[in-house]
Structures are given as structure tokens and as C-alpha cells.
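A.B. asks: Just lifted these from TrEMBL, have a look:
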- 110-130: transmembrane segment (TRANSMEM)
- 200-339: domain 'AAA+ ATPase' (DOMAIN)
- GLY208, PRO209, PRO210, GLY211, THR212, GLY213, LYS214, THR215: ATP binding site (BINDING)
- HIS430, HIS434, ASP508: Zn(2+) binding site (BINDING)
- GLU431: active site (ACT_SITE)
- 608-650: region 'Disordered' (REGION)
Amino acid sequence: MSNMLKNVGLVAAFAVAVHLIMKTDASEQTTRPSAEHKPYTQFIDMALRGDFEEIELRGQDGREVRALDSNGTLIVSRIPVNENIMNRLYGERVDVVDLSARDKPQEAGFMSRLFLTLLPAALLIGFMMFMMRGGMKGPGGGGGGGGLLGGKSMVKKFNARDCDVRFEDVAGIDEAKAELMEMVDFLKSPGKYTRLGAKIPRGALLVGPPGTGKTLMAKAVAGEAGVPFLSQSGSEFVEMFVGRGAARVRELFEEAKKSAPCIIFIDEIDAVGRQRGGGVGGGNDEREQTLNQLLVEMDGFDGTEGIIILAATNRADILDAALKRPGRFDRQVHVGLPDLSGRVRILQTHLRNKPIAPDVDVKVIARGVPGFSGADLANLANEAALFAARRGDNAITQADFEGAADRIMMGAERKTMIMTEQEKRLTAYHEAGHALCALRAPGADPIHKATIIPRGGALGMVMQLPEGDRVSLTRQQAHARLAVCYGGRVAEEMVFGADKVTTGASGDIQSATAMARAMVEEWGLSDKAGAVLYASSRQEQAMGATGRSRSISEVTSLMLDQEIRELTDLGKVMAEQILTDYRGELENIAEALLKYETLSGSEIKIVAQGGTLTRDPSQPPPDETPKGPGTFGATPANDTGNDMRPPKPL
Ligand code: ADP
Ligand code: MG
Ligand code: ZN
């Protein structure tokens with residue numbers, strides 16, 4: 001993909017401008033992931049349509065404008081130098097508030113000055129985007145009719161028709177979608193559930209990296225159910241309503257009770273929901289009060305009202321445990337980065353209304369952008385349209401897509417991971433190593449799925465699912481888990497050589513060590529250590545107990561460490577044995593992972609034996625999740641740390 005050079009030559013000025021815009025965009029997004037940056041032309045258009053109630057002037061020079069649109073999304077733009085926004089909006093039903101004094105001097109720095117010098121180009125591009133979008137969507141929609149009347153509540157209520165997102169607009173995250181379907185049904189006819197005394201979901205936490213479609217999905221639930229969508233971002237509770245966070249929460253729920261059945265959506269919930277009292281120097285009272293109020297409100301209704309609370313975060317681990325208790329956000333729905341088939345379908349969704357040249361092959365495009373999120377793909381579709389517009393063409397060609405992909409990937413540091421071909425190969429072998437050990441180690445839990453799509457810091461993963469509820473582990477099963485843990489690293493070593501191995505296995509090594517430690521210190525699965533519970537004494541020791549209070553001797557401690565080492569070594573040897581004996585199967589699985597990116601458990605078995613899959617790589621793998629009654633297919637939010645639970649993804 002290096003059509004870029006040619007294109008840059010043709011439109012050098014544009015290239016620079018777009019590049020800078022993207023950079024600014026990215027740095028802004030680090031601080032406020034929910035902000036949507038729009039060209040000024042679009043911003044004004046929205047204002048004139050009545051999409052905003054209030055516009056804030058921000059930035060040191062007062063030329064940054066921010067407003068909440070009718071979906072509660074923060075829209076950000078900049079006023080061009082020769083423009084007077086007050087004149088433009090005089091007589092319109094929108095308040096303009098100057099808050100630029102609030103912004104510290106350093107906030108509007110180098111970037112915005114660069115921005116200003118490049119404004120003419122930026123405007124032109126903005127105008128083109130405006131034309132393209134305007135062309136396909138058309139005006140209408142109406143916006144919130146209330147205008148300034150009736151107070152300045154930022155929590156807005158929308159008619160069902162205003163939330164026009166549907167499930168069909170959300171592509172490539174089928175598992176998450178399936179889990180939320182039930183909620184739609186409940187919102188449509190709550191009576192059906194309450195009559196039978198069924199336990200009704202009260203809330204779900206959408207967990208996943210930025211841009212994967214969490215907000216989109218929440219809107220789709222409301223859109224599908226035809227109920228109002230009340231949304232508020234967690235960071236707004238703490239930033240925009242300083243001193244009023246708790247009151248805002250109360251108002252939000254009051255409004256929800258009036259509008260029920262409805263959806264409350266709290267974006268970036270980690271901004272308020274972080275572990276209480278965890279901060280250095282006593283924590284943040286304001287935030288804690290807001291969080292407490294949220295907990296009170298969530299407990300305050302019994303689930304028959306028809307209010308469902310969805311929240312989004314990319315860090316479920318830092319949330320206060322109280323939020324994840326039963327009756328609150330007791331369901332976590334994982335929204336991951338899309339795999340190849342997901343990317344194909346997301347791209348198709350975003351190309352629905354764009355003119356596409358006959359040479360365009362969506363599968364080829366999707367294959368070239370591993371690690372792209374839904375938002376990246378939406379961006380890709382738009383960039384490609386820009387390329388075409390610049391050429392003066394009226395259809396987007398394959399070359400446009402390639403140029404756009406190059407540009408996005410070369411753009412500033414990106415938050416989402418983009419894997420190089422080499423990383424992808426290494427990950428494929430790593431995961432294939434885990435998978436093969438899970439297939440071949442006697443007593444290993446059946447393999448459920450393997451993927452080389454990055455997720456939560458890991459480059460790929462293998463998931464196993466024990467059959468039925470596991471209440472105990474046999475020694476054999478424990479050894480198998482150790483072998484599976486080491487399968488990844490061992491495969492890397494065998495295929496790429498000892499000095500090419502990566503740090504990617506650190507999580508595996510951690511799991512293996514924890515497993516071996518439990519075997520020795522808690523479960524009595526080591527002959528030398530015997531069936532003695534050492535765990536608590538060891539913990540005491542680690543915490544620095546000395547002298548007589550120490551209940552475990554230095555010698556014993558050393559022996560335990562040796563036993564742990566012995567067990568982990570044994571696991572590694574088992575993995576080496578398996579991968580050597582079945583090297584051909586390792587290759588088969590890795591090749592299939594490179595081709596398909598995600599494989600189901602039964603697919604792995606087929607390809608390991610040298611079979612071929614009939615599935616087209618652009619189709620998703622079959623869902624083989626066992627669905628128990630009423631489990632909703634979700635992971636329990638409160639992780640008890642019980643070691644009998646299914647093995648962690650590796
Ligand atoms: P998140 O809330 O997870 O950060 P958003 O829902 O705000 O992500 O996604 C931003 C935009 O990216 C969406 O408005 C949509 O255009 C696009 N997008 C993201 N995920 C998907 C998806 N799964 N299917 C279709 N479009 C998507
Ligand atoms: Mg979002
Ligand atoms: Zn691993």
C-alpha cells in the first residue's frame with residue numbers, strides 16, 4: 001500500500017492539512033474520548049438545525065466551540081478567524097456562553113496555532129465532507145424542539161424516532177449484540193417479564209476499547225426498542241457540573257422515571273466509578289458523592305419500571321466493586337476489536353450509501369487493516385471518499401481505500417494497535433501453541449476459541465471452557481493448564497528461535513506461576529510439600545513478619561519455591577513435547593489463524609488434522625458458546641478470585 005506517495009504529490013497541501021487535523025484530533029481524544037470533532041461548517045449547520053441548546057466558547061482564544069448534540073455527544077469544533085459566531089447565530093434558539101476564561105493558557109498552544117494557519121485548507125476539506133454527508137443523509141430529523149424553554153437540563157429526552165440507530169447499523173460484534181437483544185424485548189413488553197416474576201436485567205456494562213461501538217450499541221438498543229435514550233458522560237458529571245454531580249445523577253434518574261420505559265446511558269463511567277478511596281491523598285469527595293448517588297439511585301428501583309441502565313468503559317478493572325454487585329451492573333458485555341469478518345461487515349455498513357467503483361474488494365481492504373476499530377473503519381470509509389473527491393471522481397476506487405489506509409496508519413501515534421505482518425505471524429504461532437496444548441494435553445479443558453485480534457493489551461488469545469461447572473481440579477488437569485500456559489512461548493521459540501521470543505508471554509508466565517503456587521501451597525498437589533496449607537503463612541512472610549511471629553521457616557520457604565519451579569518447568573517440558581510431536585498441527589492451526597484470525601473450537605480441531613474449512617474468511621466463526629438457562633452468556637462481573645473458574649484467556 002504505497003499509492004500514498006503519488007497522491008501526496010498531487011495534493012500536497014491537503015495532505016499536510018489532513019494530517020495535522022488528525023493529530024490534533026488524537027491528542028484531544030486522549031483527554032476526552034467521547035468528544036466528536038466536526039468541521040465548523042457542520043457545527044454551524046447543526047446549530048442552525050436546532051441540535052444544540054447551548055454552545056460554549058472555549059480555549060484560550062475563545063475560538064473552540066463545544067456543544068452537546070441531541071444524543072448527548074460532545075461536539076467540538078473551531079471558529080475560523082474571519083468568522084463571527086455571534087452574528088451567525090443571532091436570533092437562533094441557542095445560547096452561546098463564553099467559558100474561555102476557564103481554560104488554562106497551555107491548553108491552546110502550538111497545535112491550535114498551527115491549526116489556524118492551516119484553516120483555509122481545513123475549511124475546504126470540511127466543506128467537502130459536509131457536502132458528502134449532507135448528500136446522503138439529507139436534512140430533516142428535526143432535532144430537539146424545546147430550544148431554550150424549560151430550563152437548561154443537559155439531560156435530554158428524545159423521542160424514539162430521534163434515536164434512529166438500529167442493530168443493523170452495528171456490525172461485527174455479534175456476541176455483544178445477542179446479549180443486548182433480550183433487553184430490547186424486555187423494554188418493548190416489560191409486562192411479559194414481570195408477570196412471570198422473571199428477574200429483569202437492570203444494567204449492563206459495555207466494556208471495550210475506544211471506537212468499538214459501545215455508544216452506537218447502546219443507541220441501537222434504544223432505537224430497536226423504540227424507547228427514549230437518556231445519555232450522560234461520566235466525565236461530564238465531574239468536569240462540567242462541578243459541585244453538582246450528585247444532583248445531576250438524581251435529575252437523570254428522575255427524568256428516566258418519567259420517561260420509562262427508557263435507556264439510561266452513562267458513557268465513560270470510570271470517570272465517576274473508579275474505586276473509592278483509592279486515590280493518593282484521600283480521594284475525590286466530589287466524585288465519591290456522585291458515585292454514591294448513582295449507587296443509591298440504582299438500588300432505588302426494583303426493575304419493574306422498565307428502565308435499563310447501560311454504561312460504557314474501557315477499564316472495567318478499575319471500577320468500584322460496589323458498581324458490579326448484583327442488581328447493579330451485574331452484567332458485563334465485552335465489545336472487542338473486530339476480526340476480519342467483523343471488519344468486512346463494518347466497512348460494508350459504512351459504505352452502504354457511498355458510490356463504490358467496481359474494482360473495490362472490501363475483503364482485501366479489511367485484511368489490510370488488522371487492529372482497526374469500528375471507528376477507525378468509519379474513518380477509513382470517509383477518508384477514502386475524500387481521496388475520491390479530490391480526484392474529482394464520483395466513485396471510490398480500491399486505490400482510494402489503500403491511500404486512506406496508508407494515511408491513517410501513518411498518522412500520529414494511534415491508540416488502537418496495528419499489527420505488522422511479522423507480529424501477526426508471531427501471534428498466530430503463539431496462540432496456535434496454546435491451542436495445540438489445549439487439544440493434546442491430557443485433561444486440558446476443551447478449547448473454545450482462538451483469535452489473533454488484539455484485545456485489552458494482549459495481541460491475541462485462546463479461550464478454554466471447562467465442561468460443566470468445575471468444583472475441583474485433578475492433578476492431571478492442573479498439569480495440563482500449566483502446559484497450555486507455556487504453549488505460547490514455546491511455540492515462539494520453536495518457530496522463530498530463542499532470541500526472537502517476545503514479551504507477549506508475560507501474562508502466561510504469571511498465570512502459570514500463580515497456578516503452580518496454588519498447587520503447592522494450597523491444594524497439596526506437590527509430593528515434597530505435602531498436603532499442608534502454606535498459603536497464609538507465606539503471605540505473612542511476604543508481608544515482612546519476622547522473628548517469633550513467623551510461622552514458616554526459611555528452609556521450608558526455599559523448598560516451596562523449588563517445588564513451584566519444578567512444576568512450572570514440568571509444564572514447559574510438557575508443552576515442548578506436545579509441540580514437537582505435533583509440529584505439523586501447530587503449522588496448520590497457525591496458518592488457519594493467519595487466514596481467518598478467529599477460529600472456533602471445532603474449527604481448530606478440523607484444521608489441526610489438516611482439514612480445510614468451508615467457511616469464507618469474511619464470515620464469522622460459528623458461535624459455540626454453551627448457553628445455560630438464564631445465564632445471558634455473560635461473564636460474572638464480580639470476580640471472586642476462585643481458582644476453579646475457567647482458565648483465563650491466554
Ligand atoms: P465507543 O463508544 O465504543 O468508543 P462509538 O460507538 O462511539 O465507539 O463508535 C464511533 C463510531 O464508529 C460510530 O458512530 C460508528 O460510526 C463507528 N463504529 C464503531 N463501531 C462500529 C460497529 N461495530 N459497527 C459499525 N460502526 C461502528
Ligand atoms: Mg463512546
Ligand atoms: Zn499467550
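Backbone N, Cα and C atoms are what each Cβ position is placed from, and that goes for glycine too.
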A.B. asks: Let's check the environment of LYS214 (ATP binding site): how many other CB atoms sit within 10 Å of its CB?
C.D. replies: 28
A.B. asks: Near ligand 3, which of the binding-site residues PRO209, GLY211, THR212, GLY213, LYS214, THR215 have CB less than 6 Å from any of its atoms?
C.D. replies: none
A.B. asks: Consider only the binding-site residues PRO210, GLY211, THR212, GLY213, HIS434, ASP508: which of them have a Cβ under 6 Å from an atom of ligand 2? Write none if no residue does.
C.D. replies: none
A.B. asks: Determine the most Cβ-crowded residue among the binding-site residues GLY208, PRO209, using a 10 Å radius around each Cβ and all protein chains in the structure.
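C.D. replies: By the 10 Å Cβ neighbour count, GLY208 comes out on top.
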A.B. asks: Ligand 1: which of the recorded positions HIS430, GLU431, HIS434, ASP508 have a Cβ closer than 6 angstroms to it?
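C.D. replies: The ones that qualify number zero, so the answer is none.
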A.B. asks: Would you mind ranking the binding-site residues PRO210, GLY211, GLY213 by how many other Cβ atoms sit within 10 Å of each Cβ and giving me the lowest?
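C.D. replies: Each of the binding-site residues PRO210, GLY211, GLY213 was scored by Cβ atoms within 10 Å; lowest is PRO210.
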A.B. asks: Here's one to test understanding: among the recorded positions HIS430, GLU431, HIS434, whose C-alpha is closest in space to the C-alpha of LYS214 (ATP binding site)?
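C.D. replies: So, spelling it out, the nearest of the recorded positions is GLU431.
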A.B. asks: Other than GLY208, PRO209, PRO210, GLY211, THR212, GLY213, LYS214, THR215, which residues of the chain come within 8 Å of the ATP site, judged by Cβ distance to the Cβ centroid of those residues?
C.D. replies: LEU206, ALA312, ASN314, VAL335, SER373, GLY374, ALA375
A.B. asks: Considering the binding-site residues THR212, THR215, which residue's Cβ sits among the greatest number of other Cβ atoms within 10 Å?
C.D. replies: THR212
A.B. asks: What is the pLDDT of the domain 'AAA+ ATPase' (200-339) when averaged and given as a whole number?
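C.D. replies: Per the prediction, mean pLDDT sits at 84 for the domain 'AAA+ ATPase' (200-339).
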A.B. asks: Can you tell me the CA-to-CA distance separating HIS434 (Zn(2+) binding site) and GLY208 (ATP binding site), as a whole number of Å?
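C.D. replies: That separation, Cα to Cα, works out to 24 Å.
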A.B. asks: What is the number of other Cβ atoms found within 10 Å of the Cβ of GLU431 (active site)?
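C.D. replies: If we count other Cβ atoms within 10 Å of GLU431 (active site), we arrive at 28.
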A.B. asks: What whole-number Å value do you get for the CA-CA distance of THR212 (ATP binding site) and GLU431 (active site)?
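C.D. replies: Cα of THR212 (ATP binding site) to Cα of GLU431 (active site) measures 23 Å after rounding.
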A.B. asks: With DSSP assignments reduced to helix, strand and coil, which class does THR212 (ATP binding site) get?
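C.D. replies: Looking at the DSSP assignment, THR212 (ATP binding site) belongs to neither helix nor strand, so coil.
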